[in-house]
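For reference, the structure is listed below as structure tokens.
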Amino acid sequence: MKEVFISIIFNVGVSILLKISGNKRYNNNLMQIITYNYLFSAIFCYCLYPVNIKNLDYSNAPWFIFISLSFLMPFLFIIIGKCIKSIGIAKTDIAQRMSLLITILSAFLFFKESYTLIKLLGLSIGFFSIFFIFHTSQKNNKQSNQWFLPLIIFLGLGLVNILYKLISSNLNFTFTTSSLFIFSGSFIFSLIFNIIEKQKFQIINIFWGLGLSILNFGNVIFYLKAHVALKNNPSIVFATMNLGVIILGSLIGIVFFKEKMSKLNYFGLALALLSILTITLL
């Protein structure tokens, strides 16, 4: 189980880094940080999982999915960064993990996976919880005006998970090979955006981008290692990962960054945890 807990730490570490780097006193450029993140991620992917590019069957490559993900991922990273800055780590991490509801619903509707009444109940609880988690008081103008950010994250990451599921069915390209193309494409899209916006180069963003990439890559590697170590209990990995990120992210946001949550938000959080337990373990 240690692989799961390490993955959780790396995952929440991404949110912490984005929270700290967004502090005005550092005067960082989020888009540049994301750009360098994907550059280093592509390098790490190629070095750790070498690919013989010449022997790939490019005619059967899922190019539409590669391009879609290459655009979606940096776009969502920007939204996540803005959401953490305006709404906080707790609610942003919950929005990311609850995107699994979109993935599971699509599995039932489009991939013809079997479902049970218990799982349908879990899905219903999960969607119901979202209203309470992101409910904001009209007194909190900053959060109430940014309600759409976690919704974009919830729907966007759900779509990303669906596209990755489609990639997994392509026998010509492994997960790591596909990731190399997607990271490279994400770097190109991010770089183009920086050029169009005429972003001023700041060398400090390279180091923030490197840190973000290490945390991101560490999260993926240890998550995959956890599935290998507990190959007979994938539901345990899935449940522990999602519950762990939500709980740790919420604790850090509330305790260390003094993020405020209402009673309705806490009720929604409890429903979200119940939803994950119901879907993955029952």
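Just so you know, the numbers here start at 1 and follow the chain as drawn.
Placement of Cβ uses the backbone N, Cα and C atoms for every residue, glycine included.
TrEMBL labels come from automatic prediction, so no person has curated them.
Taken from TrEMBL, the feature transmembrane segment covers 6-22, 34-51, 63-82, 94-111, 117-135, 147-167, 173-196, 203-224, 236-257, 264-281.
Below 8 angstroms of C-beta separation, residues 91, 94, 97-98, 100-101, 104, 118-119, 121-123, 125-126, 128-135, 235-236, 238-239, 242-243, 246-247, 250 of the same chain, each at least six residues beyond the ends of the transmembrane segment (264-281), sit close to that stretch.
When Cβ distances are compared across the two stretches, the transmembrane segment (147-167) makes no contact with the transmembrane segment (203-224), since fewer than 3 pairs at least 6 residues apart fall below 8 angstroms. Of the ranges 6-22, 63-82, 117-135, 173-196, 236-257, the one with the most Cβ pairs under 8 Å to the transmembrane segment (203-224) is 6-22. Only pairs six or more apart in sequence are counted, and the transmembrane segment (236-257) with the transmembrane segment (6-22) gives three or more Cβ pairs under 8 Å, enough to call it a contact. Counting Cβ pairs under 8 Å to the transmembrane segment (63-82), the stretch among 6-22, 34-51, 173-196 with the most such contacts is 173-196.
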